[in-house]
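A.B. asks: Straight from TrEMBL, here's the annotation block:
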DOMAIN    7-49  domain 'Glycine zipper-like'
TRANSMEM  9-28  transmembrane segment
TRANSMEM  34-53  transmembrane segment
């Protein structure tokens, strides 16, 4: 059984991985990998944190 802390770390990691992959794809397509990779990581951290807070709310019975 996963603890709350493990689920929040998983959400953060998934967000970062998704941001890196999307940033890399856009960066290669536009020829500006450095900027898009950095933006992808940044957005991944933001979305990962949002997923962490969403998991916390659902654990407490919120929507």
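Just so it is clear, glycine is given a Cβ too, placed from its N, Cα and C backbone atoms.
Automated prediction, rather than curation, is the source of TrEMBL annotations.
Model, not experiment: these values are computed from the prediction.
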A.B. asks: Take every residue in the domain 'Glycine zipper-like' (7-49), average their pLDDT values, and give the whole-number result.
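C.D. replies: Taking every residue of the domain 'Glycine zipper-like' (7-49) together, the mean pLDDT is 90.
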A.B. asks: Tally of helix, strand and coil residues over the domain 'Glycine zipper-like' (7-49) according to DSSP?
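C.D. replies: Helix/strand/coil tally for the domain 'Glycine zipper-like' (7-49): 41 helix, 0 strand, 2 coil.
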